[in-house]
Amino acid sequence: MSKMEVKTSLLDNMIGVGDSVLLEPLTEDSFLENLRKRFDHNEIYTYIGSVVISLNPYKHLPIYTAEKVEEYRNRNFYELSPHIYALADEAYRSLRDQDKDQCILITGESGAGKTEASKLVMSYVAAVCGKGQEVNKVKEQLLQSNPVLEAFGNAKTVRNDNSSRFGKYMDIEFDFKGDPIGGVISNYLLEKSRVVKQPRGERNFHVFYQLLSGASEDTLKKLKLDRDFSQYNYLSLDSATVNGLDDAANFRTVRNAMQIVGFMEDEVQSVLELVAAVLKLGNIEFKPESRVNGFDESRVKDKNDLKEMCELLGIEQSVLERAFSYRTVEAKMEKVSTTLNVAQAYYARDALAKNLYSRLFSWLVNRINESIKAQTKHRKKVMGVLDIYGFEIFEDNSFEQFIINYCNEKLQQIFIELTLREEQEEYIREGIEWTNIEYFNNAIICDLIENNQNGILAMLDEECLRPGTVTDETFLDKLNTICAEHQHFESRQSKNSKFLTDHSLPHNCFRIQHYAGKVLYRVEGFVDKNNDLLYRDLSQAMYKANHSLMKQLFPEGNPAKINLKRPPTAGFQFRVSVSTLMKNLQTKNPNYIRCIKPNDKKAPHIFTDTLVCHQVHYLGLMENVRVRRAGYAFRQPYEPCLERYKMLCKQTWPHWRGPAREGVEVLLTDLQVAQEEYSYGRSKIFIRNPRTLFFLEEKRRQCLQDLATLIQKIYRGWKSRTHFLLLKKSQVVVAAWYRRYAQQRKYQKIKSSTVVIQSFIRGWKARKILRELKYQKRCEEAVTTIAAYWHGTQARRELKRLKEVARRKHAVAVIWAYWLGLKVRREYRKFFRANAGRKIYDFTIQRLMQKYFLGLKNTVPSMSPIDKTWSNRPYQFLDGAHTELRRMFHLWRCKKYRSQFTEEKKAIYEEKLEASEIFKDKKALYPSSVSQSFKGDYLEINKNPKYQKLNSVVEEKILLADFVNKINRANGKGAPRIFLLTKNNFVLADQKTGQIKACVPLPDLSSVSVSTQVDGFFALKLKEGTASAAKGDFLLSSDHLIEIITKLHRTGAPAANRDQLNIDISDEFLVQFKQDKVCVKFIQGGPKNGSSAACKRKNNRLLEVCVPSP
């Protein structure tokens, strides 16, 4: 489709048929051909009424962009081409505008794209709902719960590289505005048998491979693991790596998702320890050891893996080793201990591994629910998304497939009931006569499985609880006895009793005729998998572990709460869960997405008819189309119907002024459509046969062609006429402009000629005046020159005379000076002897030193002790004196500087020195505090009358008084407080009233925690067990953090009789708030609304402080 082309209806530019209800003729072949045709053109979505069929394309399609979201937003369901966004938008708008709770049921076999469909629905709802910090946080947590659950609940199978091995139902909760406020996740039937054994070509759960591939060497060392997959018995090696699946990158994604959802770092570590323990558990092997009574007893072969597993779980090795060798059976007041042979020990090991992993998965779901649950208690709107196994028919079907297919039978039952009910309600609402529709009711199959007396699950539970020898064969015999006459149950024995021979039915199997077809179940393993027993010794051993999660995962291991009652079976638990799910779904308005896998090769552009036909059968899609077509195949409101087809009738085209229904009646009457082909509802027109709709569409197409021709004709005429008028107007404008231009040219020529003539005349006059002025000037200059020459001659004669007189006087002075010099030399020559050189030397040295000291006087540096400048040494012989003078001057000015200090100033410098020892090179805020003096009393509490009452209550001398903010755990916001420090206590008081909120003795203060960054946050941690610690620690922020903690350090140690107060400088520390510990984490990346640090609450156990970059 070109960029300019826009689809305005489901029927426009259709590839195949967008809604299968409109197929004509309706056969299985035409249904499959329609799906194939649309799939070949990358149209992977098709409707059956309001049901969406989705084919997995096995490639990325550009149909999930932000532009597509806006295209389908607030649009009618049938207004655009089929898309999963249309269903999601319809469900969301019904929930938001009509206050109807919704559920979206996504079904299909493994690899059909159920998980991706659920992600698309959630991402669409997240994109179209409201915005805001809290709303975005909830949306992000809901979306990030998927990677966590996929890592622990998905695995690679032969059909799908990311197959969900559990059923998931998520209730997304909205407020009255339609904004998400939380959610609740329910999980069903995790395939825990995969933990200990995987079929060929398949893998264990993703998290095992992600942990070994993506964890750091330090993490693996702590978990006592090796990267080599072959080291672990529970990991299959033939499919350890999957093309297109980056386990290392996915591990980082899961860690990040867990942090966003709200997992604490210690919780993540605990989860990884349990995953590592499962891997170690699989490596424990046993050997037989003969006893005196002739029976074999199991013993652990190599105890290294057992030891490492016990270290991970914090359990004594001997306790777990005994639990693998002995089993204690309690009956009333008696205890009987029996030994386990090797086979039983391996069974106990695998049972423990399966239970440990499945309970860890349930704990993860509960922990996610705790983080994403809605905080408000007001009534909430709910949208449920169900992503569960599709119907499964394998070559070897066991207990898991039986349970899954039972769940799909229940979903099919509720699907038919709700679909028929929706049809009937619409007919009644529109006043159309309802006719009963015949369809296959699978209630008889559900009753065969879930009947409380004669149902298969009830008989399986009864067989598991029966005393005596219980095997899968006895269970099959019981089925043959009770269910042999049931029309949907078959077995070899029931066939033989009817003298029928069916060699396709083995002796140890039974067959059930499901709504999707016959399924053969192998009875082997039914009893064991339904029992799902975990020996009590192992439960009690796990409960004794010191690991933080083990007591939550194995509560039945508590010796004080021993329950001799047999735990409910797996079948019973699943039946109860399915019953609860069905009741939940019946209270909501259903929306269906049926996912189909086009081929088994996981390749694009391949459509396998037999495979798709098989899925169409067991999804009941043909049955769904027939139910939808049983009454009227197509219905549409009167307004869009009239708008679409009004051009087919002259009376309704181009505008119909009356009611839309009357317009439709006029339209159909004019087109001579048979009366039995349609019916009028209160707000919709109902068309019985698709042929009628296609007749209307064909007429509309022909009419649109005629209208297009007419529009083209009118447009071409308008365009030519407009062009002619434009040319005419242009000619007039051009002529006017040319005439104007010609007149301007003529005027410019006349003007330029006039200017030339004027310039010549002015030039002639100017030259004439110039000649006269020059002659006059030459006459004046001649007189001046003659006078100047005369004056010069007179001056030179006088100068010559004066020079002669001066020469004569100078000659007399020179002769006299020479004569006096001669007399002096003759007089003093007798005084010069041999010591004249020494005297000259001493005189020179003395003169140089005098010059040095006089120069030093002018270059002496300032009196500041930190000024290190000093003048350069002028002569080498003064080197020693120069250095000594510099030292003496520095000592003298230091003494002068110290003599100016008062006792108070000395104390301040001592505090500054102590602050340097505590914070220098440790906290980024310290350098900016060096230049600030420690004032102490910033509130002037002794002078301020506002705090007179507070000053009278505090009897001791106040060392420090300042405003601080006390951080609230609930929202991370600060409340202003007055902070007072005395010799023995620190006090927090209300800023407005001055009322004391807390008074804590300094001996009760155990430590102080601050970050390494430029923020002012600090935590005062109190000693556990003291009266002051009842309400928990204090998390405060101040603009004078360095001074407060320095004074606490100086005062707190003497008051508590200890060497020094412990100060912890770290970017992540724990603070005790009443009974809970909250992690305070500092990250760089300043807040949006300012340059100061901001604290916000991420979840119940994490406060995050955003600090601007220095």
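Glycine is treated like the rest: Cβ placed from N, Cα and C.
Copied from TrEMBL, the annotated features are:
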{"type": "DOMAIN", "residues": "15-701", "note": "domain 'Myosin motor'"}
{"type": "BINDING", "residues": "G108, E109, S110, G111, A112, G113, K114, T115", "note": "ATP binding site"}
{"type": "REGION", "residues": "578-600", "note": "region 'Actin-binding'"}
{"type": "DOMAIN", "residues": "923-1109", "note": "domain 'TH1'"}
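In the structure shown, across all protein chains, G108 is the one of the binding-site residues G108, G111, G113 with the greatest number of other Cβ atoms within 10 Å.
The residues near the ATP site, meaning same-chain residues not in G108, E109, S110, G111, A112, G113, K114, T115 whose C-beta sits within 8 angstroms of the mean position of the site's C-beta atoms, are N56, N160, S163, G390, C595, K597, in sequence order. Each residue in the domain 'Myosin motor' (15-701) has a pLDDT score, and their mean in this model is 83. Most other Cβ atoms within 10 A: among the binding-site residues S110, K114, T115, that distinction falls to K114. Helix, strand and coil counts under DSSP for the region 'Actin-binding' (578-600) come to 9 helix, 8 strand, 6 coil. Sequence-distant contacts (6 or more apart, same chain, Cβ under 8 Å) of A112 (ATP binding site) comprise S54, N56, G390, C595, I596, K597, Q615.
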